[in-house]
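Features reported for this protein in TrEMBL:
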ACT_SITE  TYR24  active site, proton acceptor
ACT_SITE  HIS101  active site, proton donor
BINDING   ASN75, HIS81, ASP88, ILE102, SER103, ARG112  substrate binding site
SITE      ARG19  site 'Transition state stabilizer'
Amino acid sequence: MSRLVYVLNGPNLNLLGKRQPAIYGYETLADVEADCRRAAGELKLEIEFHQSNAEHQIIDWIHEARERAGGIVINPAAFTHTSVAILDALNACEFPIIEVHISNVHRRESFRHHSYVSLVASGVIAGFGTQGYTLAIQRIARLIDEDQR
Ligand code: DQA
């Protein structure tokens with residue numbers, strides 16, 4: 001299986017570090033990318049790291065990953081709670097998918113308690129701050145090694 005992992009980030013995560021730091025912390029998305037690259041390097045994974053505010057762009061990256069990658073780590077941000085289209089794109093993938101949320105969505109407003117993406121995710125990490133991304137990379141490496149979904 002491919003050792004390339006797509007790390008995809010949804011809307012407003014470009015503002016990480018500046019946006020609601022009491023909830024999301026002070027680390028920027030560039031810091032998160034560096035953390036992911038470090039974790040991936042240790043596990044002999046390659047990373048494609050992307051962020052978009054546009055649903056169609058995230059779907060296009062999922063389609064690309066479907067052809068090239070061995071797994072996806074995704075923080076769909078607000079699209080988590082709204083996007084059947086992202087769920088459909090992920091359902092077209094045969095490899096492991098890990099869903100990440102920086103905040104503990106279950107301690108927040110009730111509209112954040114439902115996730116379309118969880119219907120296809122092998123696992124969900126929420127409330128671990130930006131550390132959740134490196135934990136997700138470690139988990140996806142294990143799933144790829146074991147050829148599991
Ligand atoms: C988030 C949680 C979502 O509810 C929210 O819309 C986000 C970020 C998180 O990482 O905690 O934008 O996915």
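Glycine too: its Cβ is placed from the backbone N, Cα and C atoms.
Where TrEMBL records a feature, it is marked here on the structure.
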| residue | record | Cβ within 10 Å |
| --- | --- | --- |
| ARG19 | site 'Transition state stabilizer' | 11 |
| TYR24 | active site, proton acceptor | 19 |
| ASN75 | substrate binding site | 27 |
| HIS81 | substrate binding site | 16 |
| ASP88 | substrate binding site | 13 |
| HIS101 | active site, proton donor | 22 |
| ILE102 | substrate binding site | 23 |
| SER103 | substrate binding site | 18 |
| ARG112 | substrate binding site | 17 |
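For ligand 1, the recorded positions lying close by, meaning a CB under 6 A from one of its atoms, are ASN75; the full candidate list was ARG19, ASN75, ASP88.
Across the structure, SER103 (substrate binding site) and TYR24 (active site, proton acceptor) place their CA atoms 6 angstrom apart. Closest to ARG112 (substrate binding site) by Cα-Cα distance, out of the recorded positions ARG19, TYR24, HIS101, is HIS101. Checked against ARG19 (site 'Transition state stabilizer') by C-alpha proximity, the recorded positions ASN75, HIS101, ILE102 yield ILE102 as the nearest. Counting in whole angstrom, TYR24 (active site, proton acceptor) lies 9 from the residue listed as 'active site, proton donor' by their C-alpha atoms.
Maximum C-alpha to C-alpha distance over the listed substrate-binding residues ASN75, HIS81, ASP88, ILE102, SER103, ARG112 is 24 Å.
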